[in-house]
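> Submitted below is the structure of interest, expressed as structure tokens.
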Amino acid sequence: MHRVLGDRRAIAILLGPALLVYSLIMLVPMFWSVGYSFTKGNTIEGFTWHGFGNFSHLWSDPNAHQALWFTLKYAVVVTVGQVAVGYLLALLYVFFLRRASALIRTLVFFPMVLPTVAVGLLFKALFQIAPQYGPINQLLVDVGLHPIDWFSSTGTAFIVLVIMDVWRSMGFYAVLLYAGLVDVPDDILESARLDGASGLRLVRHIVLPLSFPVLMSSLIFSINGTLKVFDSILPLTNGGPGNSTTPLTVLMFNTAFDYGDYGYGSAIALLLTVVCLLVTLVVFRVSRRDLTKG
Amino acid sequence: MSTGTPTRTYAPARARRRLGLGRLTVRVLLTVLILIEVLPMIWMFLTSLKSNSDYLNNSSWSLPSHWLWSNYSTAWTTGNIGLYVRNSALAVFPSLLLLLLLGTAAGFALQIMVWKGRNFTLLIFLAGLMVPVQMILLPLFTIYTQAGISGTLWPLILTYTGANLPLTVFMMSTFYRAVPREMFEAATLDGAGILRSFWSISVPMVRNAILTVGLVEFFFIWNDLLVALTFTNNQNLSTIQVGLLNFTGQFGSTQYGPLFAAICINVFGTLLIYLFLNQKIMKGLTGGAVKG
């Protein structure tokens with residue numbers, strides 16, 4: 001029987017095309033890109049050997065430092081925001097809405113499927129100050145406060161970015177974490193209550209540790225997405241003011257396609273990849289250690 | 001209410017009291033939540049019906065002075081949204097078809113078929129989940145230019161297919177895990193070849209899974225900006241996302257009504273799909289995330 005399920009010709013026919021496409025579009029270009037990072041030039045002008053020049057440039061380039069710093073700052077803040085708000089929503093679903101929560105879950109989830117470009121343009125308009133006060137500034141003026149030019153300073157532009165990305169994905173993380181919370185057994189909750197645990201203490205000592213695994217996979221998923229942020233930035237701030245909201249992805253894109261420097265662009269892409277791998281590894285390690293402690 | 005036989009219904013009722021939030025507080029929280037979700041959509045829609053002077057001169061909270069539906073036709077024709085939607089469809093649906101075909105076959109080969117090295121092969125596919133798309137863009141640009149296909153939609157179709165294969169293969173092989181192998185052994189006894197069993201037995205069995213994965217990938221590809229921005233150097237090839245990003249350029253000065261109409265077309269298109277298939281979409285999207 002295993003001869004049939006182990007038929008080499010059938011395996012080749014079924015797996016071959018996928019493996020071929022994957023190799024040609026992903027694997028080969030991945031290594032090719034590493035090769036590019038040792039060169040200077042682009043497709044049109046040709047490439048010349050540059051040794052470790054791109055990497056030493058990366059080491060000393062203030063734009064790259066700023067992009068790396070922004071990427072990390074953004075990833076940490078948005079990840080914490082998404083997962084924390086998502087967790088609070090999930091608690092709300094499980095403990096207060098129960099069966100009735102299906103409709104709310106579905107409603108809060110929907111921004112996740114919207115095109116990020118459209119959401120970015122929408123939020124830009126919501127927070128704009130010129131040519132016309134957007135709804136947020138209008139509201140500030142109506143209650144007697146000063147309007148804020150959100151996109152003219154780094155701090156406020158960052159706030160709008162975070163608000164937008166939390167708005168976009170909190171419903172997604174809520175549903176993800178809800179699945180973990182529903183699995184917390186009722187008898188454990190009940191016996192904890194009999195022992196006198198209630199309110200926040202119940203959440204902190206019983207619910208939180210029991211939903212820890214799903215919380216960790218949410219964190220890993222979120223940080224992997226936010227480190228690669230691109231679609232949110234372009235329509236909302238386009239990296240500005242100055243280059244203060246430019247993450248590595250956008251810097252890489254501009255370097256390669258605006259300045260035609262594929263070598264340096266590839267070096268930035270490689271840095272991004274390494275950062276993604278490292279951060280995932282660290283979160284994974286930390287979560288493993290905490291699990292054994294708790 | 002015995003603690004010995006826990007049921008799902010009573011514990012939350014007690015928790016409601018024990019967590020210290022009253023009925024009213026929950027009501028208020030819910031109202032705020034719904035407003036946060038819905039108000040931006042309503043505002044966007046109302047603004048899409050305003051004329052330029054209406055938008056510029058009246059409060060952004062005001063209703064349109066008259067409902068200018070023609071903003072939508074302006075966006076669709078003069079703003080080229082119609083062309084962009086067509087381009088998006090021409091890039092997205094062939095990619096989806098390829099992805100599902102390749103992914104289902106690969107999932108079957110990796111999960112149902114028995115051979116040495118299949119775990120390693122699955123691992124190679126999984127590695128692709130970790131790598132940012134930025135890593136493959138520049139070499140692909142060179143490849144597509146050399147191959148002479150850079151003025152077409154083929155770069156998009158190929159890149160979407162390749163870059164989304166890891167997730168598709170991963171999800172399909174997870175779904176195949178639930179299908180018992182004996183099924184195919186029985187089919188073999190009845191004289192069906194393995195390729196035949198794949199197509200006529202396994203594919204109908206994972207039909208639901210294929211739909212779920214298809215939906216997930218549809219949203220990923222339809223909403224993509226990075227790949228589309230990289231490989232569509234000419235405006236006639238722009239997808240909806242690229243077109244929307246550069247929308248204001250079409251008119252010289254910003255025409256706010258048509259701009260919001262264009263955003264609405266983009267948003268309500270995906271919302272319409274969500275309206276009908278939300279449970280499947282939610283399950284698919286969150287299912288794709290829990291792989292850790």
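Counting starts with 1 at the first residue shown.
Just so you know, glycine gets a Cβ as well, placed from its N, Cα and C.
Automatic, uncurated: that is what TrEMBL annotation is.
From TrEMBL, here are the annotated features:
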- A:12-32: transmembrane segment (TRANSMEM)
- A:68-283: domain 'ABC transmembrane type-1' (DOMAIN)
- A:74-96: transmembrane segment (TRANSMEM)
- A:108-130: transmembrane segment (TRANSMEM)
- A:206-227: transmembrane segment (TRANSMEM)
- A:262-284: transmembrane segment (TRANSMEM)
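Relative to the rest of the structure, where do these features sit?
Within its own chain, the transmembrane segment (A:108-130) has Cβ neighbours under 8 Å at 89, 136-137, 147-151, 160, 163-164, 167-172, 174-175, 231-236, counting only residues six or more beyond its boundaries.
Residues 33-34, 36-43, 47, 50, 53-55, 57-58, 64, 67-68, 71-72, 75, 216, 219-220, 223-224, 227-228, 248-249, 251-253, 255-256 of the same chain lie 6 or more positions beyond the ends of the transmembrane segment (A:262-284) yet place their CB under 8 Å from a CB of it.
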> So what's near the transmembrane segment (A:206-227) in sequence-distant terms, Cβ-Cβ under 8 Å and 6+ beyond its ends?
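Counting only partners 6 or more residues beyond its ends, the transmembrane segment (A:206-227) has Cβ contacts under 8 Å with 71-72, 74-76, 78-79, 82-83, 86-87, 91, 165, 169, 173, 176-177, 179-181, 183-184, 188-189, 192, 197, 272, 275-276, 279-280, 283-284, 287, 290-291, 294.
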